[in-house]
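Taken straight from TrEMBL:
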{"type": "SIGNAL", "residues": "1-26", "note": "signal peptide"}
{"type": "DISULFID", "residues": "C27-C94", "note": "disulfide bond"}
{"type": "DOMAIN", "residues": "27-146", "note": "domain 'NTR'"}
{"type": "BINDING", "residues": "C27", "note": "Zn(2+) binding site"}
{"type": "DISULFID", "residues": "C29-C121", "note": "disulfide bond"}
{"type": "DISULFID", "residues": "C39-C146", "note": "disulfide bond"}
{"type": "DISULFID", "residues": "C148-C195", "note": "disulfide bond"}
{"type": "DISULFID", "residues": "C153-C158", "note": "disulfide bond"}
{"type": "DISULFID", "residues": "C166-C187", "note": "disulfide bond"}
Amino acid sequence: MQSVYQHLISLLFVFSSLHVHQLTEGCSCALTHPQDAFCNSDIVIRAKVVGKKLLRDGPFGTMRYTVKQMKMYKGFDKVQHVQHIYTDASESLCGVKFEINKYQYLITGRVYDDKVYTGLCNFNERWERLSLAQKKGINHRYQLGCACRIKPCHYLPCFVTSKNECLWTDMLSHFGYPGYQSRHYACIQQKEGYCSWYRGMTARDKTTINATDP
């Protein structure tokens, strides 16, 4: 009996270590620019969710979604092809709810024991809701800025403190997330080693701006 009890305590410890929030307080996530979400993820794919199954593994259960992968943008070194996505069964524990056979999703996540896990703190969005700049960022631009640091600005004054930083001011100008920089800009490292916001539009409107604008 004592060994069973110790095993349960060990499971709870491992489970709690995978989450940054308090279980009693529900899911809480820090705001993240899509570029940071891309750079910090093991896997980034576009996929349609075609099925789901509740797995009774662990104290709270895990939802396993079956996906039809359309394209992989990151993670070739981790898995060859993604067939299942795992997430907590409860939204209060940061579990994601995907609709079945309706939409294509951008899904980001981490790989543990050859399984892809995602949650509400990852960047998951219906593909058609992404801006053109976000889609281009996922295709190639975000990767160019993974050596840069996007520095959130919640209160004025805010300053960059190193040449590899871009100042993220969406929380000021749009009173929340997502904002203009999240939807239309990528923080790209320039030849001089400095990072700055980049907005790629048409051939007549390709602009590179400094780290404090927009």
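In case you wondered, yes, glycine gets a Cβ from its N, Cα and C as well.
Keep in mind that TrEMBL annotations are predicted by a computer and have not been checked by a curator.
Since we're looking at a predicted model, the values are computed, not measured.
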Subset of disulfide-bonded residues (C39, C121, C146, C148, C195) lying within 10 A of C187 (disulfide bond), CA to CA, in sequence order: C146, C148, C195
Cβ packing number for C166 (disulfide bond), 10 Å threshold: 29
C121, C146, C148, C153 as disulfide-bonded residues, winner by CB count within 10 A: C148
C-alpha spacing of C121 (disulfide bond) relative to C27 (disulfide bond), in angstrom: 8
Most crowded position, judged by CB atoms within 10 A, among C29, C39, C158, C195 as disulfide-bonded residues: C195
Within the domain 'NTR' (27-146), residues counted as helix, strand or coil by DSSP: 25 helix, 45 strand, 50 coil
Among C27, C187, the one of these disulfide-bonded residues whose Cβ has the fewest neighbouring Cβ atoms within 10 Å: C27
Cβ atoms near C94 (disulfide bond) (within 10 Å, other residues, all chains): 21
Inter-residue Cα distance where the pair is C94 (disulfide bond) and C29 (disulfide bond), in Å: 9
